[in-house]
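Chemist: What Swiss-Prot records for this protein is below:
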type: TRANSMEM; residues: 33-53; note: transmembrane segment
type: TRANSMEM; residues: 77-98; note: transmembrane segment
type: BINDING; residues: H83, H182; note: heme b b562 binding site
type: BINDING; residues: H97, H196; note: heme b b566 binding site
type: TRANSMEM; residues: 113-133; note: transmembrane segment
type: TRANSMEM; residues: 178-198; note: transmembrane segment
type: BINDING; residues: H201; note: ubiquinone binding site
type: TRANSMEM; residues: 226-246; note: transmembrane segment
type: TRANSMEM; residues: 288-308; note: transmembrane segment
type: TRANSMEM; residues: 320-340; note: transmembrane segment
type: TRANSMEM; residues: 347-367; note: transmembrane segment
Amino acid sequence: MTNIRKTHPLLKILNSSLVDLPAPSSLTSWWNFGSLLGICLAVQILTGLFLAMHYTSDTATAFNSVTHICRDVNYGWILRYLHANGASMFFICLYLHVGRSLYYGSYTYTETWNIGIILLFAVMATAFMGYVLPWGQMSFWGATVITNLLSAIPYIGTDLVQWIWGGFSVDKATLTRFFAFHFLLPFIISALVMVHLLFLHETGSNNPTGIPSDLDMIPFHPYYTIKDILGLLIMLTALSTLVLFSPDLLGDPDNYTPANPLNTPPHIKPEWYFLFAYAILRSIPNKLGGVLALVLSILVLAIVPMLHTSKQQSMMFRPLSQCLFWLLVADLLMLTWIGGQPVEHPYVIIGQVASILYFSIILVFMPLTGIMENHLLKW
């Protein structure tokens, strides 16, 4: 008798993508992050759903409702901190996932890669709107500063900002719509994830060598299911340690002060996972230029496949490109550090140099290095 998982209309879809999926035999732990991101998304949707049951999106009560969740709701504190720190875990996994794809040349699967970039933008938008909801000082001023950037768009900028605000400043209308979109976007992200996987399974997974692995495939289950569970346990250990021992480690103390439009915090800065982009934004003295650089810091990933000059897909056997890749990682860490510092000497100039280096590595040095390596290999 044929197994039900291979014949049932719904189960056979799951079977072909989670059980009998042929996968390259050489996948390392760097390929774990896709499943970890899926689990992060599920955790965020579940904790968010339960938080939404107790949260009120009104400027008068939003801050108090979050306090009420932490103090009076059964296990509300753990829900709130799982959701807040789960976002940090989400971004750690996201950045490692993107880094893996850059290193091993997975961006040559352009459809999967482009959907991934859209997903990255969607997750960033969701996280930004979520940060506004507790209605603390940093929530209010973060929302004011970031939405105000749209006023740099010629002609329609000011009208656009007021349209997004629903008035002449960040107020009740803004908070309500941010809550609505923050609730909606994760479900759109879930749909995009399905499309991401659909395109991935059209081509099959890349592998560390970058060489086609059609001759050497193994079933996804049990080999990679077990491997993914190990990654999951490590991530859950890290997340629960963070939540239970220092839940506010990655947060901003200013957000424990209720929003006050009359009092600006000394240093307005976003959550740590946006600091690299924030540093690039601040490095350019012109407002419109800064906004463009901010968007391009992520959008530049879309042209990476066009800039692939090497005849090898992966960086596994390309030491010069590897050096550049790790220089890029160090540069991003430096930008993250700069984004959290005040706008004063020497941080400004360090940020400007790091921003120029970031775009130079991706747009100039990596393609040139690929050409040079081809020449060195006499190809």
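Counting begins at 1 with the first residue displayed.
Cβ from N, Cα, C; glycine included.
What does the local environment look like for each feature on the list?
Modeler: Residues 30, 33-34, 36-37, 40-41, 43-44, 47-48, 50-51, 66, 69-71, 116, 120, 123, 127, 130, 235, 238-239, 242-243, 247, 250-251, 271-273, 301 of the same chain lie 6 or more positions beyond the ends of the transmembrane segment (77-98) yet place their CB under 8 Å from a CB of it.
Secondary structure at H83 (heme b b562 binding site), taken from DSSP and collapsed to helix, strand or coil, is helix. Around H83 (heme b b562 binding site), taking its Cβ as the centre, 21 other Cβ atoms fall within 10 Å, counting all chains.
Taking the Cβ of H196 (heme b b566 binding site) as reference, residues of its chain lying under 8 Å away and at least six apart in sequence are, in sequence order, T112, I115, G116, L119.
Sequence-distant neighbours of H201 (ubiquinone binding site): residues of the same chain at least 6 apart with a C-beta under 8 Å from its C-beta are S16, S17, L21.
Under 8 Å from some Cβ of the transmembrane segment (320-340) lie the Cβ atoms of residues 99, 102-103, 269-270, 272, 274-280, 282, 310, 347, 350-351, 354-355, 357-358, 361-362, 365-366, 369-370, 372-373, all in the same chain and six or more residues away from its ends.
Taking Cβ pairs closer than 8 Å, the transmembrane segment (347-367) reaches residues 279-280, 282-284, 293, 296-297, 300, 303-304, 307-309, 321, 324, 327-328, 331-332, 334-335, 338-339, 341 in its own chain, all 6 or more past its ends.
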Chemist: At a 10 Å cut-off from the C-beta of H182 (heme b b562 binding site), count the other C-beta atoms across all protein chains.
Modeler: 21
Chemist: Sorted by position, what residues of the same chain at least six away from H97 (heme b b566 binding site) have a C-beta under 8 A from it?
Modeler: F33, G34, L37
Chemist: Among the recorded stretches 113-133, 226-246, 288-308, which has the greatest number of Cβ pairs closer than 8 Å to the transmembrane segment (33-53)?
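Modeler: By Cβ pairs under 8 Å, 226-246 leads among 113-133, 226-246, 288-308.
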Chemist: Take the transmembrane segment (113-133) and find every residue of the same chain, 6 or more past its ends, with a Cβ under 8 Å from one of its Cβ atoms.
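Modeler: Same-chain contacts beyond the flanks: 48, 55, 57, 62, 66, 87, 90-91, 94, 98, 101, 106-107, 139-140, 142-143, 146, 174-175, 178-179, 181-182, 185-186, 188-189, 192-193, 195-196, 199, 270-271, 273-274, 298-299, 301-302, 304-305.
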Chemist: According to DSSP, folded down to helix, strand and coil, what is H196 (heme b b566 binding site)?
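Modeler: Note: H196 (heme b b566 binding site) is helical by DSSP.
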